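This report refers to the structure that appears directly beneath it.
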Amino acid sequence: DYIAILPPSPTLSLTGSEEPGAGPSQRREEEPASGVSSLRAVFTVIVLCFINLLNYMDRFTVAGVLPDIEQYFGINDGKSGLLQTVFICSYMFLAPVFGYLGDRYNRKMIMSVGIGFWSIVTLASSYTPKEYFWLLLLTRGLVGVGEASYSTIAPTIIADLYIKERRTQMLSVFYFAIPVGSGLGYIVGSKVDDLAGDWHWALRVTPALGLVAVVLLLFVVKEPKRGAIEARPEHTLQRTSWLGDMKALCRNPSFVLSTFGFTAVAFVTGSLALWAPAFLFRAAVFTEGRPPCVKGPCDTSDSLYFGIITVVSGILGVASGAEVSRRLRLRTPRADPLVCALGLLLSAPFLYLAIVFAQASPIATYVFIFLGETFLSMNWAIVADILLYVVVPTRRSTAEAFQIVLSHLLGDAGSPYLIGVVSDSLKQTDSYLWQFRSLQLSLLTCSFVAVGGGAFFLATALFIEKDRQRATNYAPSGQCPQSLP
């Protein structure tokens with residue numbers, strides 16, 4: 001206590017003699033390498049989780065009220081699919097920009113500006129007139145600006161606060177927000193629509209919470225030092241050009257193959273997220289004699305049930321995936337990609353059965369959807385962890401951006417629109433039977449894509465050890481590699 005209250009330099013010992021450097025050294029030992037205290041780090045993760053939850057709530061609120069939107073604007077399945085596609089496309093193309101900025105500038109400020117913009121645009125989209133469907137498409141596209149500014153950067157902040165098992169645990173908490181936020185999007189969207197009698201109000205919930213998130217970002221979150229927690233402070237790692245970063249990432253087999261595997265996850269989740277509630281609604285109209293949606297507000301009970309299933313299955317899937325991976329790591333260093341492959345390969349048959357049983361048993365359909373989504377959710381935290389330990393700290397935001405671009409370009413950017421177009425092409429008549437049957441046949445594509453994703457993760461397991469060791473021992477040209485604990 002006596003030493004702690006003395007001036008930094010010079011420092012006196014208890015005998016009165018000077019011990020140069022003792023005080024600063026003591027403080028350096030006590031200060032975390034990241035520059036963020038353990039308590040502040042926990043609050044940072046909580047705020048990031050809250051924002052991630054809001055992002056996914058907003059993304060799937062539209063899907064929760066899709067029958068109302070189709071009835072309000074008088075649009076077909078193809079145009080309905082565009083609502084998700086235009087959002088994902090803007091999100092996808094802007095992700096590299098924010099990835100580049102996130103590796104070089106203050107990440108907290110970039111996220112704050114992006115989320116503020118996202119909140120304003122989301123609120124504006126709720127005032128779209130009936131004759132201007134294109135304006136709703138435009139505003140949904142601009143929402144992608146805010147999400148791109150956040151999704152590419154937030155995981156890298158967590159990576160700079162924690163390492164090893166602790167990092168995996170915190171990423172699991174962070175990625176809980178994806179299924180929970182998605183489910184809440186359906187639940188909030190459907191319930192607000194029911195209470196207000198107007199689907200527009202469903203889009204006005206998340207903007208208010210988004211402004212709260214900006215305040216929390218500015219006053220709670222502290223920017224950690226890049227790579228310092230891994231004994232790799234950013235000033236010791238030589239920065240390379242964006243082109244150099246991309247070349248290095250493309251020569252990283254584990255990163256490339258796991259990205260293609262995650263693309264399959266994005267394809268399946270994007271398709272189900274938009275079309276599952278509408279599919280369940282059409283199944284009820286065809287098999288149970290439920291009144292069709294002729295004039296709003298429409299029956300949104302299927303969105304409510306699907307949202308609840310998504311929340312519960314997501315929590316179980318993310319938690320079980322992280323725990324199975326942790327236990328399997330004691331036996332093999334290839335545990336992470338193997339668990340991801342297992343999740344996708346197990347989800348495929350259950351999703352297939354859910355779609356096939358929709359006309360025979362609604363209860364069986366919901367059970368199979370629950371099992372399929374649980375296994376599908378096992379991937380979220382693990383894929384993020386794979387990226388963080390096979391890529392060096394100064395390339396992580398760029399790697400996140402590249403993964404977002406590729407997974408969305410080939411995944412959920414086109415899958416909702418593709419499912420809608422295929423459904424329209426298979427529809428022989430405009431009867432309720434073919435509205436259901438054509439969408440059912442179109443959604444069967446998801447099961448086969450999931451199997452392909454599982455194959456990519458199995459291939460990742462062949463390279464994961466070598467690429468992880470290479471990232472750990474990375475040294476810029478002209479320096480000797482160093483083995484780190």
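Residue numbering: from 1, along the chain as shown.
The backbone N, Cα and C atoms fix where each Cβ goes, glycine too.
TrEMBL annotations: computationally assigned, not manually curated.
Over in TrEMBL, the protein carries these features:
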type     : residues : note
REGION   : 9-33     : region 'Disordered'
TRANSMEM : 37-57    : transmembrane segment
DOMAIN   : 44-470   : domain 'Major facilitator superfamily (MFS) profile'
TRANSMEM : 82-102   : transmembrane segment
TRANSMEM : 109-127  : transmembrane segment
TRANSMEM : 133-158  : transmembrane segment
TRANSMEM : 170-189  : transmembrane segment
TRANSMEM : 201-221  : transmembrane segment
TRANSMEM : 255-284  : transmembrane segment
TRANSMEM : 304-325  : transmembrane segment
TRANSMEM : 337-357  : transmembrane segment
TRANSMEM : 363-392  : transmembrane segment
TRANSMEM : 404-422  : transmembrane segment
TRANSMEM : 442-464  : transmembrane segment
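Ranked by number of Cβ pairs under 8 Å to the transmembrane segment (37-57), the listed stretches 133-158, 170-189, 201-221, 363-392, 442-464 are led by 170-189. For the transmembrane segment (363-392), the neighbouring stretch richest in Cβ pairs under 8 Å, chosen from 170-189, 201-221, 404-422, is 170-189.
Tertiary neighbourhood of the transmembrane segment (201-221): same-chain residues 40, 43-44, 47-48, 50-51, 54, 57-58, 61-62, 64-65, 108, 111-112, 115-116, 118-120, 122-123, 125-126, 146, 157, 188-190, 192-193, selected by CB-CB distance under 8 Å and a gap of 6+ residues from either end.
Spatially, the transmembrane segment (170-189) is adjacent to the transmembrane segment (304-325); three or more Cβ-Cβ distances between them are under 8 Å for residues at least 6 apart in sequence. In this chain, the transmembrane segment (82-102) lies close to the transmembrane segment (133-158): three or more C-beta pairs between them fall below 8 angstroms, excluding pairs fewer than 6 positions apart. Between the transmembrane segment (442-464) and the transmembrane segment (337-357) there are 3 or more Cβ pairs closer than 8 Å, counting only residues 6 or more apart in sequence, so the two stretches are in contact.
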